[in-house]
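Residues annotated as domain 'NB-ARC' in Swiss-Prot: 137-439. The ATP binding site annotation in Swiss-Prot covers 179, 180, 181, 182, 183, 184, 185, 186. The feature repeat 'LRR 1' is assigned by Swiss-Prot to 534-555. Marked as repeat 'LRR 2' by Swiss-Prot: 558-580. For 582-604, the entry in Swiss-Prot reads repeat 'LRR 3'. What Swiss-Prot lists as repeat 'LRR 4' is 605-627. Residues or ranges marked as repeat 'LRR 5' by Swiss-Prot: 629-649.
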């Protein structure tokens, strides 16, 4: 007979029975009170969940994506709520078993276990309640693909169709597009990119990367991460860490990687790109001039991009020249067909030559063009010999020698390099190419006029969303060819831009070279002492320079332009810089320079000195006597600030035309604005570490201001004084405002609740506001309406604004009451502005 008593779990029974009286948890005794608390807290949790879901729904309607953190919290709530429902179903049975005033139970084991579950569920509900307040619930979705702006194309549709069919073929994972320079490979790739936008394909992300001839792995990584991680928190990471970030991101995605302009094999594994496969469904498409590169990249399919057919070439040429010119004489169409035929179906040549012929209205001009294009060609390494002489016709069509020199100067920059327009014009002025009056406004205007002319001639390309230009690589090759006397004097122009050299190359013909460009070459040390009797231009920015030898500047008597900017590790210059007696342009911005060498005082011809963002520069005392001929002095965000002593120095610079400055004292700011000649020369102003109840900016005195920075300031109120001294007694209602102010950056400003004074800068193109905890509105409605009522020329706030960045503004709730604001916005970045999310919906062009 079975001994049933021996089979009972006496140890558990004993433990449970003791637990009725001895357990610290008091699961049984506190069961009823815990159940009451659980039901109340669960109701509160469900209300919190519903409120959160409502917020999430609003943000998702705006096109934002809920945060993974929010999703995780909601999932946990769902699990806890399910457990709670199970506990409710058993509640009546378990509470009915309680006896001895709730201190014991008829079934101690069951009640003990149930009470433990109630306690656990209650603790989880309380924990979730403590985490229910999310400042931000959703974020901007990275678009699958970003549309490229493409000019009208002819004869490309068939090629796009062929390439697209190849792309959607499961067997083809890597596609190579090859053909000569200027054939339209980039346009073809841009067209494929735009098809991903139009068709909303199943790919998670389409990434565009410009590779170029002298590519750097880290540069490619930065472009990829810039697309995947707009937060930019990866910028200071190492190459290997960036590779890891890219790999971790892309291995979870079905991606398309578009690589433009490969000149050699690129190690995608080293970059961090996982290989495309049938399993992940990803694709890689690249363009190159070389079929060999297609083989090295292991392309599953290669497509040759050919020149246009004669009919297609004529159609593109006709569209470029325009029917008005072609109809101006009955013989011109036939002559135009001959000119078009000389372009050999190359789209770049057809566009460039077509633009050069836009104003040719006589038969004689067209016949002359044919004669020029029939002239004997030359041989060019790496380029079909029939193309560059044809493109040269557009160069020959430029109005005068100065414009031609300006164009050729652009070839000194790396391939695909985006050149700042203002910086380019500054080079041109110091080189003596434009405007004998140097830095008067006319010089800058003339520079912009030349840039516009070169853009319209298709010799320069306008960059999107920036005040920059760049060169097509074939046009750049032509410019380098012309600049070296058609290849006969290649040693006179030394351009190593973009190459990895680390040390100054040994193959430079120092005694012959006229212009040298080592931009972004990773040069770390200059140890040579060359004899350079003809060198006039030396460009060394964007490098890793640490040391320049004592003898390097000893024998450069004709050097006019020296650019050492963006070499953060460069902390001193050799005293022998004093030997550069012809130097007119010296750029030391974004360097670690601590003090200027004594020898600088011998540079009597120096007219341009840039010391912006020199964060350790200690002194400028004596600059008026040292460099009396300065016309441009740039000190924006330099450690060195303007004080009373420097004010006196600056006033003694009789030729000063342009000044950018950093000011920390409100009284100094007031005094500077009171000196007309000084104030009128200010183009950039940085207010830093300034503490004052009120700061006044006079828009008349600072009429030339183009860039304003307010950094780490504690200012209760910023006020605009728009009256000049002469008009102060005749209160006119006409507001001149800051007519030239294009860019404003506000970082770490404490005090004001709004920035309504920005209405006085109606030509703003770029606004950045970050880490400013007291700002609640960009434009306050009451203040804004008051300003526009008095100054009726202020119609639409920020009517010309193209870029708006708002970051870490905890109290910001509104941008502007006028929803017509931001009509021309092209780029926006809004992050960590939790109270602004509802207002974003009022501005269709603004993306959170």
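Note: Cβ is positioned from N, Cα and C throughout, glycine not excepted.
Within its own chain, the repeat 'LRR 2' (558-580) is flanked in space by residues 427, 430-432, 532-546, 548-552, 586-603, 610, 616, which lie at least six positions past its ends and keep a Cβ under 8 Å from the stretch. Note: the ATP site is recorded as 179, 180, 181, 182, 183, 184, 185, 186; in the same chain, 287, 289, 305, 346, 347, 348, 474 also have Cβ atoms within 8 Å of that site's Cβ centroid. When DSSP labels each residue, the repeat 'LRR 4' (605-627) comes out as 4 helix, 3 strand, 16 coil, counted as helix, strand and coil in that order. Annotation note: residue 179 (ATP binding site) sits in a coil segment as assigned by DSSP. Confidence annotation: the repeat 'LRR 2' (558-580) carries a mean pLDDT of 94 in the model. Residue 186 (ATP binding site) has a Cβ environment of 19 other Cβ atoms inside 10 Å. Its own atom aside, the Cβ of residue 182 (ATP binding site) has 27 Cβ atoms within 10 angstroms in the protein chains shown. Residue with the densest Cβ environment among the binding-site residues 179, 181, 184: 184, by other Cβ atoms within 10 Å.
DSSP places the residues of the repeat 'LRR 1' (534-555) in helix, strand and coil in these numbers: 0 helix, 6 strand, 16 coil.
With the fewest other Cβ atoms inside 10 Å of its Cβ, the least crowded of the binding-site residues 180, 183 in this structure is 180. Other Cβ atoms within 10 Å of the Cβ of residue 185 (ATP binding site), summed over all protein chains shown, number 23.
DSSP classifies residue 184 (ATP binding site) as coil under the three-state reduction.
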